[in-house]
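Written below as structure tokens is the structure these notes are about.
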Amino acid sequence: MTNPKKIEMVNDFQQQFAKKMNELGFTYSNIDLYQQAFSHSSFINDFNMDRLAHNERLEFLGDAVLELTVSRYLFDKHPDLPEGNLTKMRATIVCEPSLVIFANKIELNQLILLGKGEEKTGGRTRPSLVSDAFEAFVGALYLDQGLDVVWQFAEKVIFPYVEDDELVGVVDFKTQFQEYVHSQNRGDVTYRLIKEEGPAHHRLFTSEVILENEAVATGQGKTKKESEQKAAESAYSKLKSNNNL
């Protein structure tokens, strides 16, 4: 038997999503894709839905689509910049704090389907959750409308911020740490997930950053990417203060 609360939430989402897409000037075909894009695992768990009905797979796809789209934009806009500079700029644009800025600009967080507990604990404004939903939406848009429409979306929501230099204060610690290590003529930097714990709707990830085959710092976060950023921030701070790991 279908849960009345679930029906109410889904119907409300579909109405609000249609309104949002109209505001943005885009059409869509497969509403199920977008519903999945905005379905947090806590919502799926609350209503005992298929365990893969949440947005994490679309987030994975959207992450890659965003990187490609931003890479093409930077490649065309800066024909004289070397690869290293382009990589740094891309990292700043697609990192979590920037994605939250883009998502908040168009209030995408209001569309996210959350479980009761996640809603009560402020999940709707949690940066990692909002950035994940933004990536998942991009993944759904790509599958539903294609790369050209993703580009048009980026022209409205992402590129204006880049062109106005509004992301100057955004820090991508992985890039910052990598650059500092390179300036010190140190070895390769890699990241490894060492722990994943907690219920599906409230996971906690722990990652470590490895420099020259030695683990030098760890970080925790609600997502793997967030834990890597925290590890990089810790390692960078340690390296800067000691100038020797």
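Positions of Cβ are set from backbone N, Cα and C atoms, glycine also.
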Matching residue for the Mg(2+) site, where Swiss-Prot names ASP132, GLU135 - out of GLU59, GLU208, GLU212, GLU214: GLU59
Between GLU135 (active site) and GLU59 (Mg(2+) binding site), the C-alpha gap once rounded to whole angstrom: 5
Per-residue Cβ crowding (10 Å cut-off), top of recorded positions GLU59, ASP63, ASP132, GLU135: ASP132
ASP63 (active site) and ASP132 (Mg(2+) binding site), distance between Cα atoms, whole Å: 9
